[in-house]
Structures are given as structure tokens and as C-alpha cells.
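Below is one structure, written out as C-alpha cells; comments come after it.
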Amino acid sequence: MFMDERIVTLFKRNAHHTLTYWSVFFSFGLCIAFLGPTILDLQCQTNSTLSQITWVFFAQQFCLLIGSSVGGVFKLFSALAALFVSALVISVIFAIIPLCNNVLLLAIAMAVSGLAMGVIDTIANIQLVTIYQKDSAVFLQALHFFIGFGALVSPLIADPFLSETGCGNHTGNGTEMMHHFRNMLRNSPIAEHNITHSEGGGGEEESIVHYAFWIMALINLPVPIAVLFLMYREQLIPCCPSGTPRLLDKDELAMENQQGADGPDVEQKEHEAGGHGDIFSCCQNDNLRGLPVSFFMIHILGGMVLFMTDGIVGAYAGFVYTYAVTPPMSLPHKTAGYLASIFWAAITAGRLVSIPLSYRFQPVRLLMFNLAGAIVTVLMLLIFYTSSIFLYVGTCLCGLFLSSIFPCMLAYTEDILDYQGCATSVLVTSAGMGEMVMQVLVGSIIQTEGSYSFLLCGMIIACIGFILFIGLLLFHRMHRNYLTGTVSTSTFKHCC
């Protein structure tokens with residue numbers, strides 16, 4: 001069989017939870033990708049400059065990082081409630097964006113959506129890891145596929161409603177800057193077509209982009225309804241008790257005899273573990289006292305690897321267009337516009353392909369293969385830096401290799417720590433921080449040193465990430481030896 005019967009049975013038992021968490025990640029992807037294609041229309045709507053509208057992106061990313069940091073504090077009831085509120089907030093934000101007539105209101109709206117996205121990011125990852133534990137790699141790959149799926153759907157919805165002529169007030173250098181900015185962020189070659197028309201036409205056109213936001217709000221609306229229905233099924237809504245038994249109750253009835261013998265030990269372990277908390281509560285946990293250095297280094301190194309790899313994702317998606325249109329590549333703008341689309345499509349396809357691969361192979365093997373593949377790909381891009389054909393091939397390979405690193409790292413570190421640590425919150429926060437920081441860092445270097453430094457930065461970051469991963473493997477061995485020694489000592493004392 002393609003899939004182990006035990007995995008299939010486990011999925012069937014938790015299908016409602018799993019499908020709900022996958023759906024909220026579709027909301028995440030839908031929300032993260034719409035700003036790029038609509039940037040020109042939003043600038044016209046808010047009557048703002050390019051430098052002002054960039055703060056909208058910063059507000060969303062910064063608050064996403066905050067939401068990711070605190071999202072792990074929610075337990076089962078509050079986690080589902082937080083997911084419901086966050087998914088509903090995203091629909092509300094989509095609906096009110098057309099009413100934001102200045103850049104400050106738009107930035108506040110995007111900051112709120114960023115908080116909701118961060119909460120969704122951490123909670124969905126933690127809940128799936130908690131449900132499936134050692135089998136979570138397959139389901140995490142599917143979870144992150146839905147981000148890419150939502151990110152692909154969002155521009156497709158927006159495109160028919162985008163203005164062809166913009167505000168009619170972008171000329172000279174300002175037009176060229178917006179020309180680059182929109183193509184860089186949109187991840188779609190259609191942006192070039194629209195902006196070219198904008199440069200040619202002098203008259204103003206009434207924007208109808210608000211229809212796109214309202215359509216996205218309606219498309220996203222079933223997601224909070226699905227979360228609310230899950231809460232109803234789990235009897236977590238006090239005023240609406242459900243007549244069907246909770247899934248947790250069924251499991252408890254099925255495992256009653258087994259838990260009767262092991263109950264005290266399990267409860268003690270759960271108490272000692274403290275559960276998955278937010279990144280701040282993890283640092284304040286009294287149970288961290290007496291833990292080995294390897295425990296902390298696994299968190300730090302795992303987070304640093306994702307800081308680097310997610311940083312590459314953000315930097316490559318943001319600046320591959322800049323690299324392609326400048327010497328020595330000097331591709332036509334419309335041709336270069338396809339690169340970011342290919343990159344995100346490759347990431348989405350890679351996450352889909354990784355679902356069966358994560359079942360067949362251990363996460364550590366996939367991580368080694370993907371990190372090595374990313375380094376080799378960027379090295380080949382550096383060698384063939386004048387080949388436009390290989391730029392497209394390399395972009396596709398980069399997306400494929402980078403696509404599954406995050407869910408594999410999450411499954412790997414949680415498995416090392418026996419699902420008792422705060423790895424999920426640390427990794428999600430580190431990944432978000434890396435994506436935000438590396439975009440700023442690489443963009444500054446490109447501006448001062450030239451476009452060739454784009455690939456050089458990618459190579460250096462990838463190599464640092466691989467070195468950190470080797471360090472993670474070494475500390476994994478140290479931690480395993482520590483656990484083996486602890487078990488041996490406990491067994492000896494018990495025998496005596």
C-alpha cells in the first residue's frame with residue numbers, strides 16, 4: 001500500500017481536526033499574497049507615495065512575528081477560539097480594506113491581519129504536532145502546501161479587477177520605481193502588462209479592486225465557520241452543547257485500560273512537560289532547570305537553520321526580479337516577471353511532493369538532501385550567471401529544495417525533544433524573523449554592491465544554514481546520549 005494502514009486510521013480518527021487546521025492555513029496563504037498584485041491600486045486608494053506604502057508590508061510582517069511568538073500560549077479551547085477569531089478577522093480585514101482611504105488606516109488593518117496570521121501559523125503547527133507526534137511529518141507537509149495554494153489563488157482573484165491605468169500621476173522615476181516594485185511583489189507576469197498600459201495612458205480609471213477584496217472575504221468566510229463547527233463538535237461552546245461524543249472522549253474510552261496502568265506516569269510526564277507554550281513562557285518554565293545544554297542548543301540551532309532558509313525564501317522571492325532585469329542578465333521586464341511566479345509554484349509543488357516523501361523517508365534525511373540541493377543550485381546559478389535559461393531552471397529547483405525544509409525541521413526537532421519542548425514556537429518565530437531580516441539585509445547589499453551580490457548572499461546564507469544543521473546533528477547525538485544515560489541510571493536505581 002502507498003500509505004501505512006496505521007497512518008490512514010490515525011488520519012480518519014482526527015480528520016475533522018486536521019482538515020480544519022489545513023483550511024486555516026489556506027486563509028494564511030490567501031492573506032499573505034494579495035498585497036503584491038494590488039499595490040498600485042492601494043497606493044491610488046490611499047493617495048500615498050511608494051515609501052509610505054512600504055510601511056504596510058512592514059506592519060503586516062512585524063505583527064505576524066508577534067502573533068507567531070505568542071500563539072503557542074493557547075490551549076485546546078482557547079486555541080480553537082483563537083483560530084476562529086483569527087480566521088474571521090482575516091475576512092473582516094478583506095472587507096474593510098476598500099474603506100481605508102489613507103495609508104495609516106491601511107497599515108493598522110494589515111497589522112491586525114498580521115497578528116491573526118501569526119496566531120494561525122503557530123497554533124495550527126502545534127496542534128498537528130500534538131495530534132500526530134512522531135507521524136506528524138506527513139501532515140505538516142500537507143499543512144504547508146495549503147499556504148502555497150492560498151498564495152496562488154489570491155493573485156488570480158485580484159487580477160481581473162486591477163486597474164490598467166492606475167492614478168494617472170506616476171511619471172518619470174516614480175513610474176519606474178513602481179514598475180519594479182509591483183513586479184517584485186506581485187509574483188505574476190501579468191503585472192508587467194498592467195503597468196505598461198499605465199505608463200501609456202494618461203487618464204484616470206475608476207478602481208474596481210474592492211470587488212476582489214470582497215470576493216476574497218467571501219471565499220475565506222467558510223474557514224471560521226469550519227472552526228466554529230469543530231468547536232461545536234468538541235462541545236467547546238458552552239451555550240451549544242453537542243449530542244455527539246467528543247473525539248477525545250472516544251479515544252479515552254478506547255484506551256481506558258491502558259491508561260489505567262500508566263495513568264500516574266503519563267500525568268506526571270505531562271505535568272513536567274508543561275505543554276507547548278509561547279516563546280516567552282517557554283523561557284520562564286521552571287522545568288527548564290537541570291536540563292542539558294543539548295536541549296537548549298537544539299532549539300537555538302533549529303531556529304537558526306530556519307532563520308537562514310526562510311530568509312533565503314523571502315529574499316529570493318523579493319529580489320529575483322531585480323537580479324533578472326539588471327546587468328549582466330538584463331532580461332525584459334515581462335520575461336523576468338515570470339520568475340517569482342515560478343518560484344512560488346515550485347514551492348507549492350515541492351510541498352505537495354513532500355507529503356509522500358515524508359512518509360517514506362526520515363525528516364533528517366530530507367533536510368540533508370534539501371539543504372545540499374539548495375547549496376548546489378545556488379552555486380550553479382553563480383557559475384552560469386549569464387544564462388537566462390538556467391536562471392529559470394535554478395529558480396524552479398530552489399523552490400523545490402526550500403519548500404519542505406520548515407515542516408521537516410519542525411517534525412525533526414519535536415521528535416528529538418519527544419514532543420515536550422517549545423520547539424514549535426521557537427521555530428515559527430525564528431523563521432518569521434529570518435524572512436523579515438534577510439529581506440532588508442539582502443536588499444541593502446544589492447543596493448550598495450550590485451545585483452550579482454544577490455546570488456552571493458544566497459550562497460553564503462545557505463552554507464551557514466548547512467553548517468548550523470551539522471551542529472544540530474551533533475547536539476542531537478549528545479542529547480540522545482544524555483537520555484540514554486538518564487534511562488540507564490533510572491533503571492539501575494529501580495533494580496537496586
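These residue numbers are counts, starting from 1, taken along the chain as shown.
Heads up, the Cβ atoms here are built off N, Cα and C, so glycines get one too.
The feature transmembrane segment is assigned by TrEMBL to 21-40 (among others).
Residues or ranges marked as transmembrane segment by TrEMBL: 52-70 (among others).
Sequence annotations record features per position, and here TrEMBL assigns transmembrane segment to 77-97 (among others). Cβ atoms under 8 Å from those of the transmembrane segment (77-97) belong to residues 20-21, 24, 27, 30-31, 34, 42, 71, 106, 109-110, 112-113, 115-117, 119-120, 123-124, 126-127, 210, 213-214, 216-218, 220-221, 223-224, 227-228, 230-231, 234, 236 of the same chain, restricted to positions at least 6 beyond its ends.
For the transmembrane segment (103-126), same-chain residues at least 6 beyond its ends with a Cβ under 8 Å from one of its own Cβ atoms are 21, 24-25, 27-28, 31-32, 35, 42, 45-46, 48, 52-53, 55-57, 59-72, 74, 79, 82-83, 85-87, 89-90, 93, 96-97, 140, 143, 276, 278, 410, 424-425, 428-429, 432. What TrEMBL records for 103-126 (among others) is transmembrane segment.
Feature annotation from TrEMBL assigns transmembrane segment to 138-158 (among others).
For 211-232 (among others), the entry in TrEMBL reads transmembrane segment. With a cut-off of 8 Å between Cβ atoms, the residues of this chain six or more beyond the transmembrane segment (211-232) that come close are 16-17, 19-20, 23-24, 26-27, 30-31, 34, 38, 77, 80-81, 83-85, 87-88, 90-92, 94-95, 97-98, 153-154, 157-158, 160-162, 240, 242.
According to TrEMBL, the feature transmembrane segment maps to 295-324 (among others). For the transmembrane segment (295-324), the list of distant contacts is 180, 183-185, 187, 288, 331, 335-337, 339-340, 343-344, 347, 371, 374, 388, 391, 395, 398, 402, 405-406, 409, 412-413, 416-417, 421-423, 426-427, 429-439, 441-443, 446, 451, 454-455, 457-458, 461-462, 464-465, 468-469, 471-472, 475-476, 479: same-chain residues at least six beyond its ends, Cβ to Cβ under 8 Å.
The transmembrane segment feature in TrEMBL is assigned to 336-354 (among others).
Counting only same-chain residues 6+ beyond the ends of the transmembrane segment (366-385), those with a CB under 8 A from a CB of the stretch are 305, 309, 312, 328-329, 354, 357-358, 391, 394, 397-398, 400-402, 404-405, 408-409, 412, 452, 455-456, 458-459, 462-463, 465-466, 469. Residues or ranges marked as transmembrane segment by TrEMBL: 366-385 (among others).
Annotated transmembrane segment per TrEMBL: 391-412 (among others), in sequence order. The list of residues near the transmembrane segment (391-412) in space but at least 6 beyond its ends in sequence, with Cβ under 8 angstroms from a Cβ of it, reads 125, 129, 136-137, 140-141, 143-144, 148, 302, 305-306, 309-310, 312-313, 316, 320, 324, 329, 331, 338-339, 342-351, 353-354, 357-358, 363-364, 366-367, 370-371, 373-374, 377-378, 380-381, 384, 423-424, 427, 431.
What TrEMBL records for 424-446 (among others) is transmembrane segment. If one looks beyond the transmembrane segment (424-446) by at least 6 residues along the same chain, the residues whose Cβ comes under 8 Å of a Cβ in the stretch are 61-62, 64-65, 68-69, 71-72, 118, 121-122, 125-126, 129, 276-279, 282, 299, 302-304, 306-315, 318-319, 322-323, 406, 409-410, 413-414, 453-454, 457-458, 461.
Annotation source TrEMBL lists transmembrane segment at 452-475 (among others).
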